[in-house]
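Quick look at what TrEMBL annotates:
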DOMAIN    2-79  domain 'Trans-2-enoyl-CoA reductase-like NAD(P)H binding'
BINDING   48-53, 74-75, 111-112, 139-140, Lys244, 273-275  NAD(+) binding site
SITE      Glu75  site 'Plays an important role in discriminating NADH against NADPH'
DOMAIN    82-317  domain 'Trans-2-enoyl-CoA reductase catalytic'
ACT_SITE  Tyr235  active site, proton donor
DOMAIN    324-385  domain 'Enoyl reductase FAD binding'
Amino acid sequence: MIVAPKIRGFICTTAHPEGCAKHVAEQIAVVKSRGLIPNGPKKVLVIGSSTGYGLSSRIAAAFGAGASTMGVFFERAGEEDRTATAGWYNTAAFEKAAQAEGLYARSFNGDAFSDAVKAEVIEAIKADLGQVDCVIYSLASPRRTDPKTGEVYKSVLKPIGETYTNKNLNTTTGVVNEVSIEPAQGDDIPQTVAVMGGEDWEMWMDALQAANVLAPGVQTVSYSYIGPEVTWPIYKNGTIGKAKEDLERVQRALDAKLAPLNGKAWVSVNKALVTQASSAIPVVPLYISLLYKVMKAQGTHEDTIEQMDRLFRDRLYNGNPQPDEAGRIRVDDWEMEAGVQSLVGQRWTEVNTDNLSEYGDFAGYQASFLRLFGFGLEGVDYAADTNPVVAIPSLG
Ligand code: NAD
């Protein structure tokens, strides 16, 4: 079939197999161009490994440090007349590239929140790797089924206490308008914390530790975001921010639990970037458009792969993680630099539909979004017939 993007709001319902493979190949090339990561991880489990920050983490570990990797994700395979999700094609391409270099890679497609998937991954670690020395937790999901009670929790992106009104970008039309978001009600906060907070990260680490599949010196990292004040009502001080606070609670708990192994748990605060998860957050896409323009002009712009390469190379495995006062790793440091923020802040007050392309990088935003689904990559023939059914080698 000929595969074209089909965009519905902030979701693209198609993905291009060769385009996704090219996107993965480009990320691998970035990591390789920086050389080997000395003393990097050797056996890595990535939970949420098929897109965004998790995919880039897996690529950085495998192609930067030569690590064996296991990846867990929730994706849909392709059918004769329907494309797979991007994460499916990404993983197929990742595994083929890993195999070509003799790197072990095995993937699990299922609900990472469930006990069954945890048990399956633990058995696989025992059988194939013995233990893992690094566990990356990079899930982003709108809901979670509690493995003990069966209750389905739903996360919401809402401010807390009062209605939040600010500028917003329609990422399909390029219109800058205003959005008002009603505050959290009822059990919105605990529901969001149950989905995007640390409970499941802790369940994973407890299960892995109880099964004795964590190696001495193991490191585990979960990803967070803080960002500028203009987004705080919807992010840092909103329902999702409460979930991210909960990650820090779990990080401290895991530090204590991992102490006998000389292990360490981290929360890494990453840069705001276009991913499937971030494009669903109100206000943030306009901020990202302004941010990209400033950071690209300064030469400090990074995408997920550069961020994750820097996390492994310059923080986790160089003996100098440079934690902030709260003990978090900050690879959002270049985003949060005062000069960058003051320019973005000034443009925020002035930006409107007419001057968006002058003040912001809306074209860059849209191109990044399409690339997530394998569209707009150089060297891919989008007019050619392509087979949407692609196998992930380790899934058979
Ligand atoms: P993403 O949507 O690209 O990736 C989410 C991953 O989770 C995918 O691999 C998906 O398959 C997997 N997943 C979702 N539900 C699952 C389930 N039930 N079982 C198994 N796998 C499941 O998202 P992302 O933006 O890379 O987000 C990853 C983390 O990084 C999140 O914690 C997010 O808050 C954080 N973060 C994102 C940004 C940003 O700007 N995108 C910035 C800082 C931190």
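A Cβ is built for glycine as well, from the same backbone N, Cα and C atoms used for every other residue.
Mapped onto three states, the DSSP output places Lys244 (NAD(+) binding site) in helix. Of the listed recorded positions, namely Glu75, Asp111, the sparsest CB environment within 10 A is found at Asp111. Sequence-distant neighbours of Lys244 (NAD(+) binding site): residues of the same chain at least 6 apart with a C-beta under 8 Å from its C-beta are Met196, Gly197, Ser224, Tyr225, Lys236, Val267. Around the Cβ of Tyr235 (active site, proton donor), 25 further Cβ atoms fall within 10 Å across all displayed protein chains. When the recorded positions Phe74, Tyr235, Lys244, Val274 are checked against ligand 1, Phe74 have a Cβ within less than 6 Å of one of its atoms.
Tyr235 (active site, proton donor) and Glu75 (site 'Plays an important role in discriminating NADH against NADPH') are 26 Å apart (CA-CA, integer value). Of all Cβ atoms in the protein chains displayed, 28 besides its own lie within 10 Å of the Cβ of Ser50 (NAD(+) binding site). Rounded to a whole number, the C-alpha distance linking Gly48 (NAD(+) binding site) with the residue listed as 'active site, proton donor' is 21 angstrom. There are 26 other CB atoms within 10 A of the CB of Gly48 (NAD(+) binding site), with all protein chains counted.
DSSP places the residues of the domain 'Enoyl reductase FAD binding' (324-385) in helix, strand and coil in these numbers: 32 helix, 2 strand, 28 coil. When the domain 'Trans-2-enoyl-CoA reductase-like NAD(P)H binding' (2-79) is classified with DSSP, helix, strand and coil residues number 31 helix, 16 strand, 31 coil. Of all the binding-site residues listed here (Leu139, Val274), the one with the fewest other CB atoms within 10 A of its own CB is Leu139. Gly52 (NAD(+) binding site): 25 other CB atoms within 10 A of its CB, across all protein chains.
Annotation note: Asp111 (NAD(+) binding site) sits in a coil segment as assigned by DSSP.
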